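Swiss-Prot has this to say about the protein:
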SIGNAL    1-19  signal peptide
DOMAIN    34-222  domain 'GH11'
CARBOHYD  N93  N-linked glycosylation site
ACT_SITE  E118  active site, nucleophile
ACT_SITE  E209  active site, proton donor
DOMAIN    255-291  domain 'CBM1'
Amino acid sequence: MVAFSSLFLGASIAATALAAPGELPGMHLNKRQTYTQSATGTHDGYYFSFWTDGGPNVRYTNEAGGQYSVTWSGNGNWVGGKGWNPGAARTINYTGTYQPNGNSYLAVYGWTRNPLVEYYVVENFGTYDPSTGAQRLGSINVDGSTYNVYRTRRTNAPSIEGTRSFDQYWSVRVNKRVGGSVDMNAHFNAWRQAGLTLGTHDYQIVATEGYFSSGSARINVGGGSTGGGNNGGGNNGGNPGGNPGGNPGGNPGGNCSPRWGQCGGQGWNGPTCCESGTTCRQQNQWYSQCL
(Lines of atoms letter the chains of each structure in order from A and count residues from 1; the text may use other names and numbers.)
(Lines give C-alpha, C1' and ligand atoms only; values in the text may rest on other atoms or scores of the structure.)
Protein backbone atom coordinates (compact mmCIF):
# COMPACT_ATOMS: atom_id res chain seq x y z
CA MET A 1 0.00 0.00 0.00
CA VAL A 2 1.97 2.32 0.71
CA ALA A 3 1.37 1.00 4.11
CA PHE A 4 2.80 2.48 7.25
CA SER A 5 3.98 6.05 6.88
CA SER A 6 6.49 8.79 6.72
CA LEU A 7 6.22 8.10 10.33
CA PHE A 8 8.45 5.19 9.58
CA LEU A 9 11.57 6.12 7.72
CA GLY A 10 12.87 2.57 7.68
CA ALA A 11 10.17 1.36 5.36
CA SER A 12 10.52 4.40 3.15
CA ILE A 13 14.05 3.31 2.46
CA ALA A 14 13.41 -0.41 2.30
CA ALA A 15 10.31 -0.32 0.13
CA THR A 16 11.02 0.67 -3.45
CA ALA A 17 8.72 2.77 -5.59
CA LEU A 18 7.47 -0.20 -7.57
CA ALA A 19 3.95 0.10 -8.86
CA ALA A 20 1.84 -2.97 -9.35
CA PRO A 21 0.15 -3.30 -12.71
CA GLY A 22 -3.14 -1.49 -13.11
CA GLU A 23 -6.33 -3.47 -13.21
CA LEU A 24 -6.63 -5.20 -16.56
CA PRO A 25 -9.85 -4.76 -18.54
CA GLY A 26 -12.15 -7.69 -17.98
CA MET A 27 -9.96 -9.15 -15.26
CA HIS A 28 -12.73 -10.98 -13.43
CA LEU A 29 -11.38 -14.08 -11.74
CA ASN A 30 -14.01 -16.47 -10.45
CA LYS A 31 -11.76 -19.15 -9.02
CA ARG A 32 -9.13 -19.47 -6.32
CA GLN A 33 -6.08 -17.57 -7.51
CA THR A 34 -2.64 -17.32 -5.88
CA TYR A 35 -0.15 -14.51 -6.47
CA THR A 36 3.50 -14.09 -5.59
CA GLN A 37 3.93 -10.92 -7.67
CA SER A 38 2.04 -7.62 -7.52
CA ALA A 39 -1.43 -7.53 -9.08
CA THR A 40 -4.78 -5.77 -8.89
CA GLY A 41 -8.16 -6.69 -10.31
CA THR A 42 -11.63 -7.98 -9.54
CA HIS A 43 -12.29 -11.41 -8.06
CA ASP A 44 -15.68 -12.98 -7.32
CA GLY A 45 -17.41 -9.64 -6.86
CA TYR A 46 -14.67 -7.81 -4.92
CA TYR A 47 -11.81 -5.56 -5.89
CA PHE A 48 -8.41 -6.84 -4.77
CA SER A 49 -4.98 -5.31 -4.51
CA PHE A 50 -1.73 -7.16 -3.80
CA TRP A 51 1.68 -5.48 -3.78
CA THR A 52 5.15 -6.74 -2.92
CA ASP A 53 8.55 -5.10 -3.23
CA GLY A 54 9.91 -8.49 -4.32
CA GLY A 55 11.84 -9.16 -1.13
CA PRO A 56 9.65 -11.35 1.08
CA ASN A 57 8.46 -14.89 0.45
CA VAL A 58 4.73 -14.18 0.27
CA ARG A 59 1.78 -16.09 -1.19
CA TYR A 60 -1.46 -14.15 -1.49
CA THR A 61 -4.58 -16.12 -2.47
CA ASN A 62 -8.01 -14.82 -3.50
CA GLU A 63 -10.67 -17.23 -2.26
CA ALA A 64 -14.45 -17.30 -2.66
CA GLY A 65 -16.39 -14.05 -2.24
CA GLY A 66 -14.65 -11.53 -0.03
CA GLN A 67 -12.18 -14.00 1.45
CA TYR A 68 -8.42 -14.01 0.98
CA SER A 69 -5.52 -15.76 2.69
CA VAL A 70 -1.82 -15.02 2.88
CA THR A 71 1.36 -16.48 4.33
CA TRP A 72 4.64 -14.60 4.46
CA SER A 73 8.22 -14.59 5.73
CA GLY A 74 11.58 -13.01 4.93
CA ASN A 75 13.04 -9.59 4.25
CA GLY A 76 10.88 -7.02 2.50
CA ASN A 77 7.47 -5.40 2.39
CA TRP A 78 4.11 -6.53 1.02
CA VAL A 79 0.43 -5.68 1.42
CA GLY A 80 -2.79 -7.13 0.07
CA GLY A 81 -6.51 -7.45 0.59
CA LYS A 82 -10.03 -7.33 -0.81
CA GLY A 83 -12.63 -4.58 -0.86
CA TRP A 84 -14.10 -2.07 -3.28
CA ASN A 85 -13.22 0.44 -5.97
CA PRO A 86 -14.29 3.12 -5.38
CA GLY A 87 -14.24 3.36 -1.61
CA ALA A 88 -17.11 4.92 0.30
CA ALA A 89 -18.40 5.88 3.75
CA ARG A 90 -19.71 2.35 4.18
CA THR A 91 -19.91 0.02 7.15
CA ILE A 92 -17.46 -2.83 6.55
CA ASN A 93 -17.97 -6.20 8.19
CA TYR A 94 -15.09 -8.65 8.36
CA THR A 95 -14.02 -11.82 10.14
CA GLY A 96 -10.92 -13.96 10.11
CA THR A 97 -7.64 -14.96 11.69
CA TYR A 98 -4.47 -12.88 11.89
CA GLN A 99 -1.21 -14.27 13.27
CA PRO A 100 1.76 -11.94 12.73
CA ASN A 101 5.26 -12.46 14.03
CA GLY A 102 6.93 -9.05 13.96
CA ASN A 103 6.11 -6.05 11.81
CA SER A 104 2.59 -6.22 10.50
CA TYR A 105 -0.88 -4.70 10.63
CA LEU A 106 -4.51 -5.34 9.76
CA ALA A 107 -6.47 -2.27 8.61
CA VAL A 108 -9.09 -0.77 6.36
CA TYR A 109 -6.86 0.94 3.84
CA GLY A 110 -7.60 3.30 0.97
CA TRP A 111 -6.84 6.36 -1.13
CA THR A 112 -8.55 9.52 -2.30
CA ARG A 113 -7.63 11.95 -5.08
CA ASN A 114 -7.84 15.76 -5.10
CA PRO A 115 -6.45 15.88 -2.52
CA LEU A 116 -4.25 12.81 -2.73
CA VAL A 117 -4.63 11.08 0.65
CA GLU A 118 -3.66 7.64 1.92
CA TYR A 119 -5.69 6.46 4.90
CA TYR A 120 -5.80 3.66 7.46
CA VAL A 121 -8.25 2.46 10.08
CA VAL A 122 -5.93 0.12 11.98
CA GLU A 123 -7.74 -2.76 13.67
CA ASN A 124 -4.71 -4.77 14.79
CA PHE A 125 -0.94 -4.69 14.51
CA GLY A 126 2.23 -6.41 15.67
CA THR A 127 4.13 -5.24 18.71
CA TYR A 128 4.94 -1.82 17.25
CA ASP A 129 2.16 0.78 17.30
CA PRO A 130 2.02 2.46 13.86
CA SER A 131 1.19 5.79 15.51
CA THR A 132 4.56 5.96 17.28
CA GLY A 133 6.09 9.39 16.79
CA ALA A 134 2.91 10.90 15.28
CA GLN A 135 0.92 13.82 16.65
CA ARG A 136 -2.45 12.80 18.04
CA LEU A 137 -5.27 15.03 16.73
CA GLY A 138 -8.15 13.56 18.70
CA SER A 139 -10.10 10.36 19.20
CA ILE A 140 -13.38 8.70 18.30
CA ASN A 141 -15.42 6.14 20.23
CA VAL A 142 -17.05 3.76 17.78
CA ASP A 143 -17.51 0.05 17.16
CA GLY A 144 -16.72 -0.89 20.75
CA SER A 145 -13.43 0.94 21.19
CA THR A 146 -11.57 4.22 21.16
CA TYR A 147 -9.63 5.00 18.00
CA ASN A 148 -6.94 7.67 18.20
CA VAL A 149 -6.62 9.97 15.18
CA TYR A 150 -3.30 11.01 13.63
CA ARG A 151 -1.93 12.69 10.53
CA THR A 152 1.48 12.07 8.99
CA ARG A 153 3.18 13.29 5.83
CA ARG A 154 5.07 11.41 3.14
CA THR A 155 7.42 13.21 0.77
CA ASN A 156 8.35 11.94 -2.70
CA ALA A 157 6.84 8.53 -1.97
CA PRO A 158 5.05 6.00 -4.20
CA SER A 159 1.32 6.58 -4.58
CA ILE A 160 -1.57 5.78 -6.89
CA GLU A 161 -0.48 8.83 -8.90
CA GLY A 162 3.20 7.93 -9.07
CA THR A 163 5.89 9.46 -6.88
CA ARG A 164 4.20 12.26 -4.95
CA SER A 165 4.05 13.99 -1.58
CA PHE A 166 0.80 13.45 0.33
CA ASP A 167 -0.86 13.26 3.75
CA GLN A 168 -1.74 10.06 5.56
CA TYR A 169 -4.74 9.92 7.90
CA TRP A 170 -4.86 7.33 10.67
CA SER A 171 -7.40 5.94 13.12
CA VAL A 172 -5.67 3.41 15.40
CA ARG A 173 -7.88 1.15 17.51
CA VAL A 174 -6.93 0.97 21.20
CA ASN A 175 -8.54 -2.44 21.85
CA LYS A 176 -7.08 -4.53 19.04
CA ARG A 177 -9.34 -7.10 17.41
CA VAL A 178 -9.74 -9.40 14.41
CA GLY A 179 -13.31 -9.22 13.17
CA GLY A 180 -16.24 -6.87 13.55
CA SER A 181 -17.89 -3.88 11.90
CA VAL A 182 -15.98 -0.75 10.89
CA ASP A 183 -18.11 2.38 10.44
CA MET A 184 -16.09 4.29 7.86
CA ASN A 185 -18.59 7.16 7.87
CA ALA A 186 -17.81 7.75 11.56
CA HIS A 187 -14.06 7.79 10.86
CA PHE A 188 -14.42 10.11 7.88
CA ASN A 189 -16.49 12.50 10.01
CA ALA A 190 -13.95 12.38 12.84
CA TRP A 191 -11.15 13.19 10.41
CA ARG A 192 -13.17 16.06 8.95
CA GLN A 193 -13.73 17.49 12.44
CA ALA A 194 -9.96 17.32 12.99
CA GLY A 195 -9.42 19.37 9.82
CA LEU A 196 -8.45 16.40 7.64
CA THR A 197 -9.98 16.69 4.17
CA LEU A 198 -10.68 13.72 1.92
CA GLY A 199 -11.07 13.86 -1.84
CA THR A 200 -12.70 11.60 -4.42
CA HIS A 201 -12.44 7.98 -3.35
CA ASP A 202 -10.23 5.47 -5.11
CA TYR A 203 -9.95 1.88 -3.84
CA GLN A 204 -10.70 0.73 -0.28
CA ILE A 205 -9.70 -2.71 1.04
CA VAL A 206 -9.37 -4.64 4.29
CA ALA A 207 -5.61 -5.12 4.10
CA THR A 208 -3.01 -7.26 5.78
CA GLU A 209 0.59 -6.10 5.58
CA GLY A 210 3.98 -7.43 6.54
CA TYR A 211 7.35 -5.72 6.78
CA PHE A 212 10.49 -7.80 7.44
CA SER A 213 8.35 -10.28 9.35
CA SER A 214 6.48 -13.55 9.07
CA GLY A 215 2.98 -14.77 9.70
CA SER A 216 -0.34 -15.80 8.21
CA ALA A 217 -3.85 -14.42 7.86
CA ARG A 218 -7.22 -15.40 6.44
CA ILE A 219 -9.71 -12.54 6.19
CA ASN A 220 -13.31 -12.57 4.97
CA VAL A 221 -14.61 -9.15 3.90
CA GLY A 222 -18.25 -8.11 3.65
CA GLY A 223 -20.10 -4.85 3.15
CA GLY A 224 -22.96 -3.02 4.79
CA SER A 225 -25.02 0.07 4.17
CA THR A 226 -23.34 3.14 2.74
CA GLY A 227 -23.47 6.30 4.79
CA GLY A 228 -22.79 9.88 3.86
CA GLY A 229 -19.60 11.19 2.41
CA ASN A 230 -17.95 11.37 -0.97
CA ASN A 231 -18.62 8.22 -2.94
CA GLY A 232 -17.01 9.42 -6.10
CA GLY A 233 -14.14 7.37 -7.31
CA GLY A 234 -12.15 5.97 -10.08
CA ASN A 235 -9.91 3.07 -10.78
CA ASN A 236 -6.33 3.59 -9.72
CA GLY A 237 -3.98 3.34 -12.64
CA GLY A 238 -1.51 1.46 -10.51
CA ASN A 239 -1.08 0.22 -6.99
CA PRO A 240 1.96 1.69 -5.28
CA GLY A 241 2.01 -1.26 -2.99
CA GLY A 242 1.88 -1.25 0.75
CA ASN A 243 5.15 0.49 1.38
CA PRO A 244 4.32 0.94 5.05
CA GLY A 245 6.62 3.65 5.91
CA GLY A 246 5.41 1.99 9.08
CA ASN A 247 7.75 -0.09 11.10
CA PRO A 248 5.56 -2.06 13.45
CA GLY A 249 7.65 -3.75 16.01
CA GLY A 250 8.72 -7.26 16.72
CA ASN A 251 7.91 -9.46 19.65
CA PRO A 252 10.59 -9.24 22.34
CA GLY A 253 9.87 -12.53 24.07
CA GLY A 254 12.50 -14.08 26.38
CA ASN A 255 15.74 -12.40 27.45
CA CYS A 256 16.66 -11.46 23.88
CA SER A 257 14.42 -10.58 20.96
CA PRO A 258 13.84 -13.24 18.27
CA ARG A 259 14.50 -12.78 14.57
CA TRP A 260 12.24 -9.96 13.24
CA GLY A 261 11.72 -8.72 16.82
CA GLN A 262 12.25 -5.18 18.10
CA CYS A 263 15.53 -4.57 19.92
CA GLY A 264 15.69 -0.80 20.36
CA GLY A 265 14.35 2.63 19.54
CA GLN A 266 13.23 5.74 21.36
CA GLY A 267 10.84 4.74 24.15
CA TRP A 268 11.58 1.00 23.82
CA ASN A 269 11.71 -0.77 27.18
CA GLY A 270 12.16 -4.35 25.96
CA PRO A 271 15.24 -6.45 25.20
CA THR A 272 18.15 -4.77 23.42
CA CYS A 273 19.90 -8.02 22.45
CA CYS A 274 18.98 -10.48 19.69
CA GLU A 275 18.82 -14.25 19.47
CA SER A 276 21.87 -16.10 18.17
CA GLY A 277 22.48 -15.60 14.46
CA THR A 278 20.76 -12.21 14.25
CA THR A 279 21.95 -8.62 14.70
CA CYS A 280 20.15 -5.57 16.07
CA ARG A 281 19.93 -3.04 13.23
CA GLN A 282 18.53 0.47 13.53
CA GLN A 283 15.72 1.27 11.06
CA ASN A 284 14.96 4.76 12.36
CA GLN A 285 15.06 6.65 15.66
CA TRP A 286 11.94 4.83 16.86
CA TYR A 287 12.76 1.30 15.86
CA SER A 288 15.61 -1.22 15.70
CA GLN A 289 15.04 -4.80 14.60
CA CYS A 290 16.75 -8.21 14.90
CA LEU A 291 17.74 -9.26 11.37
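Keep in mind that glycine also has a Cβ here, set from the backbone N, Cα and C atoms.
Positions of Swiss-Prot features highlighted on the structure.
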{"residue": "N93", "record": "N-linked glycosylation site", "DSSP (3 states)": "strand"}
{"residue": "E118", "record": "active site, nucleophile", "DSSP (3 states)": "strand"}
{"residue": "E209", "record": "active site, proton donor", "DSSP (3 states)": "strand"}
Request  = Please report the number of other Cβ atoms within 10 Å of the Cβ of N93 (N-linked glycosylation site).
outcome  = 16
Integer Cα-Cα distance in angstrom, the residue listed as 'N-linked glycosylation site' to E118 (active site, nucleophile) = 21
Ask   = From the Cα of E209 (active site, proton donor) across to the Cα of E118 (active site, nucleophile), what is the distance in angstrom?
value = 15
Inquiry  = Going by a 10 angstroms cut-off between Cβ atoms, which of the active-site residues E118, E209 has the sparsest surroundings?
reply    = E118
Message = On the 0 to 100 pLDDT scale, where does the domain 'GH11' (34-222) sit on average?
response = 95
